[in-house]
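Report on the following structure.
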Amino acid sequence: MSPCENDTPINWKRNLIVAWLGCFLTGAAFSLVMPFLPLYVEQLGVTGHSALNMWSGIVFSITFLFSSIASPFWGGLADRKGRKLMLLRSALGMGIVMVLMGLAQNIWQFLILRALLGLLGGFVPNANALIATQVPRNKSGWALGTLSTGGVSGALLGPMAGGLLADSYGLRPVFFITASVLILCFFVTLFCIREKFQPVSKKEMLHMREVVTSLKNPKLVLSLFVTTLIIQVATGSIAPILTLYVRELAGNVSNVAFISGMIASVPGVAALLSAPRLGKLGDRIGPEKILITALIFSVLLLIPMSYVQTPLQLGILRFLLGAADGALLPAVQTLLVYNSSNQIAGRIFSYNQSFRDIGNVTGPLMGAAISANYGFRAVFLVTAGVVLFNAVYSWNSLRRRRIPQVSN
C-alpha cells in the first residue's frame, strides 16, 4: 500500500489532479520523440527518400496498431485487478521500452520496440476509467474534459522540448530523458493516486457477452465507439498534408517549418481552453447536445479550410476547430460513463481506446491517399463529409436512445 493510501475517504479531486499530471507526463513523453522520428530512422541505416518515408510511416503507425490490439486485454485486467495497477504497469513498461529504443542498433529492433510500446501503453484510458468511476456522475463531463487537457498539454509541449533537446544533446539521449519522465510518472502515480478496489477473480469476471448485456444500451455504446474512430480519422487525415498545404499557401518564405508548427499547435491550445468549459456545460445541458453541436461546427469549419488563401486564414479556422474538437472525446467518454457500470468501466474505456487507435492509423492513410489523387484541398472536403456522416450517425443513435425513455 502506498503512503497516500489509508482508510480515509478517497478525494477524487486530488486523484483528478494527479491523473492529470500523469496524462501530461505521458503525453509529453510520447510526443518528445515525434519531431525527429524520421531522423532517427535514418540514423538507424534507412536511406533513400521512398524507403525513409515508408519506414517512418510504419514505425509511427505500428504503435497505434498494437495498442488497439492490447487495449481490451489491459481493460479487462483493470476491471479485475484495479486501474491504479494498470497505470503503474503502463508508466513503468513504457519507460523501460524508451530506454531500449535509445539503445536500438537497427531499424528492425526499433520497429519491434515501437510495437512493444503500443502493447504496454494504456495510461490515458485507464486514467479515464479511474476518474470516471470515482467522480460524481453530475460532474463527469467537467472532470473528463479537464483530464483530457493533461494529455493535450503534454502533446503540445513535447515536440518543442524534444526538438530543443535533440538539437542540444543528440537523438539518442532524448529517449533516455523521455524514459525518466515516464519513471517520474510511475512514482507520482504510486505515491499519490488512491483507489479502493476489491480484486475480482477470473471466474467472477463478466465475459464479453455478459458485458454487452449489462450495458444500458449496447447499440448506443457501439455507436459511441464508432464516433470515436471517425473523430480520430478526421483529425489524422489532415496531419500528413498540413505542412505541404501551408507551404503552398505561404509561397516562397524561409520559415515554413515555424509557420506549420504554429498552425499544427493552435487546435491543441484551443482544445485546452475549451474542453473543461464545454464539459461543464455538458453536465448542465447534456453531453449529447455538446457532441452533435461540436460535430456540426467542425463541418462548417472544415469546408472553408479548402478555400483559404493564406496561412493566417487557415490558422484561425484551425483554432476554432480545436475549440470544437476539445468537446468531442470528453462528450463521448461522458456518455460512456452514463451507459455503463463501474464494474466494466476499464474494458469499456479500453475498447474505446482501441477504436481511437484504429482511427489514428487509418486517418493519415486516408489523407495521404486523397491528397495524392485529388490534391490537398480535397482532403478538407472529404474530411468534412466524414464528420457530417458522424454527426448524422451520432444524432440518429442518440435519438433512438431517447425514444424508449419518452414512451416509458
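Every residue gets a Cβ built from N, Cα and C, even glycine.
Here is what Swiss-Prot records for this protein:
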type     : residues : note
TRANSMEM : 16-36    : transmembrane segment
TRANSMEM : 58-78    : transmembrane segment
TRANSMEM : 92-112   : transmembrane segment
TRANSMEM : 115-135  : transmembrane segment
TRANSMEM : 146-166  : transmembrane segment
TRANSMEM : 173-193  : transmembrane segment
TRANSMEM : 224-244  : transmembrane segment
TRANSMEM : 256-276  : transmembrane segment
TRANSMEM : 290-310  : transmembrane segment
TRANSMEM : 319-339  : transmembrane segment
TRANSMEM : 378-398  : transmembrane segment
Interface present between the transmembrane segment (58-78) and the transmembrane segment (319-339) (three or more C-beta pairs under 8 A):
no
For the transmembrane segment (290-310), could you work out the same-chain residues 6 or more beyond its ends whose Cβ comes under 8 Å from its Cβ atoms?
141, 227, 234, 249-250, 278-279, 281-282, 317-318, 320-321, 324-325, 327-328, 331-332, 335, 377-381, 383-384, 387-388, 390-391, 394-395, 398
Under a criterion of three or more Cβ pairs within a distance under 8 Å and sequence separation of at least 6, are the transmembrane segment (378-398) and the transmembrane segment (224-244) in contact?
yes
Might you confirm whether the transmembrane segment (58-78) is in contact with the transmembrane segment (173-193), defined here as three or more C-beta pairs under 8 A between residues 6 or more apart in sequence?
no
With the transmembrane segment (16-36) as the reference, find which of 58-78, 92-112, 115-135, 146-166 contributes the most Cβ pairs under 8 Å.
146-166
Tertiary contacts of the transmembrane segment (146-166) (same chain, 6+ residues out, Cβ under 8 Å):
16, 19-36, 39, 124, 127-128, 131, 173-174, 177, 261, 265, 268-269, 271-272, 275-276, 279, 326, 329-330, 333
Could you give the residue numbers and ranges of same-chain residues that sit at least 6 residues beyond the transmembrane segment (58-78) on either side and whose C-beta is under 8 angstroms from one of its C-beta atoms?
37, 41, 85-86, 89-90, 107, 110-111, 114-122, 125-126, 129, 205, 346-351, 353-355, 357-358, 360-361, 364-365
